[in-house]
Amino acid sequence: MPKDPTASSKRAPKLDCDGNPVKTKRVKKEKDPNAPKRPLSAYMYFSQDWRERIKTENPDVSFGEIGRLLGLKWKGLSEEEKKPYEDMASRDKKRHEAEKAEYERS
């Protein structure tokens, strides 16, 4: 038998005095300053490498537009052209795994 669409397994939302739902903020988990930094992706290495070039070629372009141009350039690269960035990301991932294991031991 199908579930009643009006019935919900979720708790009823809290309401303010006017009957409107009250938004609750999530408590942000404290980040340990000693935790290892997360590894960068191949795209992030590419964007670090190319951002200044794109900015000098297009000085009047906004930050968001530079990101869009970087994305288009990344998508246009062949697998061979992406390989150096993927290798850097792979090395960074191994570094992160080693640092994370050391961090969890301590």
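Each residue, glycine too, has its Cβ placed from N, Cα and C.
Copied over from TrEMBL, here are the features:
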{"type": "REGION", "residues": "1-40", "note": "region 'Disordered'"}
{"type": "DOMAIN", "residues": "36-104", "note": "domain 'HMG box'"}
{"type": "DNA_BIND", "residues": "36-104", "note": "DNA-binding region"}
{"type": "REGION", "residues": "80-106", "note": "region 'Disordered'"}
Using DSSP, what's the helix, strand and coil tally for the DNA-binding region (36-104)?
56 helix, 0 strand, 13 coil
Can you tell me the mean pLDDT for the DNA-binding region (36-104)?
96
